[in-house]
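The block underneath contains the structure these notes are about, expressed in structure tokens.
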Amino acid sequence: MKSSLAPGIRLITNFSRDSWYRGFILVLTFLFYTAYHLSRKPISIVKSQLHRNCSNVIQPKDINITNNVTWCDWPPFDQDNYQTLFGVLDNCFLVAYAIGMFFSGIFGERLPLRYYLSIGMLMSGLFTTLFGLGFYWNIHSLGYYAFVQVMNGLMQTTGWPAVVACVGNWFGKGKRGFIMGVWNSHTSVGNILGSLIAGVFVSTAWGLSFIVPGIIIACTGVLCFFFLVEKPEDVNCSSPQHHSGQERNQEGGEKAPLLQDSSIVDPSINGAISTEPDVIVEEHSEAISFLGALCIPGVVEFSLCLLFAKLVSYTFLYWLPLYISNVAHFEAKEAGDMSTLFDVGGILGGILAGLVSDYTGGRATTCCVMLIVAAPMLFLYNYIGQRSLGTTIGMLLLCGALVNGPYALITTAVSADLGTHESLKGNARALSTVTAIIDGTGSIGAALGPLLAGVISPSGWNNVFYMLISADVLACLFLSRLVYKEVQRWCGRGPRARGFNEF
């Protein structure tokens, strides 16, 4: 009888109930963080509209123009120090984000993730919209836009620790690098969509470049409230095994769920979870302290590496459209569209980093190699990247992959590995704090990068790229101890292990 089933129904029944829930959570959290990044991107697209080359703009007859150089600019960004003012706006967001991130993980461990994410997205949507309303309310106060950026930065910190903790609750370590490499493409997808949406309105009514993304993230907050499931146990699904052990298959049990580690714990007949030594699940463990999380082997090294890796990534995020506009002389919309290629490369780089690190078991080495190769590629992009359209496209894709690959791996698979480290003895509630420490430290770099770019760029874009190359080299140096230990392991000092259990 089963052979008479329609092919689509056979496909559906091949996957277990656990598989469908895990796939659903993966898609849902992907949408959530896509919306977070989508709402961050408009500021980088709108910059080139707030301060333009007015000599190339047709002057309307019904406007009394007193300054031919700045008549089309949006005050207060019509001044000569406009790049510094843009840097102030960037850092209002990023410094608030960096500071808030260290507290966000602590709150995320102690509050229901569904409520925490929902409120965060609704409030982030509100402040993103308020920035755009400045266009319609004719607001020209730097203080207003700075305040909105600060509040939005704080609200955005609700996202990352919560979504990583949620995914970590549902997935084991076995193929975490690949799964999270694919999943982490939400960062680049959000940047791409944010650029495209902002680009539609930037030349006509730049306020909508913020209002539309603000509405989108608010809607995903409502979606989160109604549909997010925080833990497998909440819907009677089996919990993933976070520490490596021998594969177990219960006789007569169902097939291993899709996108799940091969060593997942199967529920017993009465619904209890296996309590064998290498299957560590604790429902009522206490939240880990900040210092306790810092003591987990590898947390400090990867946090400092991410500081410099994120410095490079966020400098591109906030300044690439303006760089393309200034150097290649593109219009604001064209520069924004071209900058999305960097994020397309970031998607490919994140997936590649996850695959390689899963296969080799070397998260640190994978990051280090990509960062080393990224340094000369950034140098080449600055010098030959604008010679032709084909060269620009190729270099943007390559640089995006090399810059965002390590960043994606550290913020996803590495954070989840460290947050479920064997030294925690199954304390699953540590994941949110560990994620917040790593991403919070990285966010310090994210704040420094755009700030330094704003200060350095008036002296020439070459100096900005030298700063980015130096940051890449420093990121590699902080991983040197972990790379050394991974190489030692490969040279025969015991069997290959996933994660960081021996650091």
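Cβ atoms are placed via backbone N, Cα and C, with glycine included.
Note that TrEMBL annotation is computational and uncurated.
Taken from TrEMBL, the feature transmembrane segment covers 20-38 (among others).
According to TrEMBL, the domain 'Major facilitator superfamily (MFS) profile' annotation covers 28-487.
As annotated by TrEMBL, transmembrane segment applies to 84-103 (among others). A Cβ distance under 8 Å defines the sequence-distant neighbours of the transmembrane segment (84-103), meaning residues of its chain 6+ beyond its ends; these are 40, 43, 47, 50-51, 76-77, 142, 145-147, 149-154, 156-157, 160-161, 290, 314, 318, 322, 436-437, 439-440, 443-444, 446-447, 450-451, 453-455.
Same-chain residues lying 6+ beyond the ends of the transmembrane segment (115-137) with a Cβ under 8 Å from its Cβ atoms: 32, 35-36, 39, 42-43, 107-108, 144-145, 148-149, 151-152, 155-159, 162-163, 205-211, 213-222, 224-225, 228. Marked as transmembrane segment by TrEMBL: 115-137 (among others).
Using a Cβ-Cβ cut-off under 8 Å and counting only residues 6 or more beyond its ends in the same chain, the transmembrane segment (143-171) has close neighbours at 21-22, 25-26, 29, 32-33, 36, 39-40, 43, 88-90, 92-97, 100-101, 103-105, 108-109, 113, 116-117, 119-121, 123-124, 127-128, 130-131, 134, 179-180, 183, 228, 230-232, 240, 259-261, 411-412, 415-416, 419-420, 428, 431-433, 435-436, 439. According to TrEMBL, the transmembrane segment annotation covers 143-171 (among others).
Nonlocal intrachain contacts for the transmembrane segment (183-202), taken as residues 6+ away from its ends with a CB within less than 8 angstroms of a stretch CB, comprise 26, 29-31, 33-42, 44-46, 48-49, 167, 208-210, 212-213, 216, 317, 321, 332-333, 336-337, 339-340, 343-344, 346-347, 350-351, 354, 400, 404, 408, 411-412. As annotated by TrEMBL, transmembrane segment applies to 183-202 (among others).
For 208-229 (among others), the entry in TrEMBL reads transmembrane segment.
Per TrEMBL, the feature transmembrane segment maps to 299-320 (among others).
The feature transmembrane segment is assigned by TrEMBL to 340-357 (among others). Same-chain residues lying 6 or more positions outside the transmembrane segment (340-357) and placing a CB less than 8 Å from one of its CB atoms are 176-182, 184-185, 187-189, 191-192, 195-196, 313, 316, 320, 363, 366-367, 370, 393, 396-406, 408-409, 412-413.
Annotated transmembrane segment per TrEMBL: 364-384 (among others), in sequence order.
Marked as transmembrane segment by TrEMBL: 390-410 (among others).
Residues or ranges marked as transmembrane segment in TrEMBL: 430-452 (among others). Sequence-remote contacts of a segment are chain residues at least 6 beyond its ends whose Cβ falls under 8 Å from one of its Cβ atoms, and for the transmembrane segment (430-452) they are 87, 90-91, 94-95, 97-98, 101-106, 108-109, 157, 160-162, 164-165, 168-169, 287-288, 290, 292-294, 296, 299, 302-304, 306-315, 318-319, 407, 410-411, 414-416, 418-420, 424, 464, 467-468, 471.
TrEMBL lists 464-484 (among others) with the feature transmembrane segment.
Within the chain carrying the transmembrane segment (390-410), a Cβ under 8 angstroms from the stretch's Cβ atoms is held by residues 177, 180-181, 184-185, 187-188, 302, 305-306, 309-310, 312-313, 316, 328, 338-339, 341-346, 348-350, 352-354, 357, 363, 366-368, 370-371, 373-374, 377-378, 380-381, 384, 438, 442, 472, 475, all 6 or more beyond its ends. Tertiary proximity for the transmembrane segment (299-320) is limited to same-chain residues at least six positions away from its ends with a CB under 8 Å from its CB atoms, namely 40-41, 43-44, 90, 94, 191, 293, 339, 342, 346, 364, 367, 371, 374, 378, 399-400, 403-404, 406-407, 410-411, 414-415, 418, 434, 437-439, 441-450, 452-454, 457, 464, 468, 471-472, 474-476, 478-479, 481-482. Counting same-chain residues at least six beyond the ends of the transmembrane segment (364-384), those with a Cβ under 8 angstroms from any Cβ of the stretch are 298, 301-302, 305, 309, 312, 349, 353, 356-357, 391, 395-396, 398-399, 401-403, 405-406, 409-410, 414, 461-462, 465, 468-469, 472-473, 475-476, 479-480, 482-483, 486-487.
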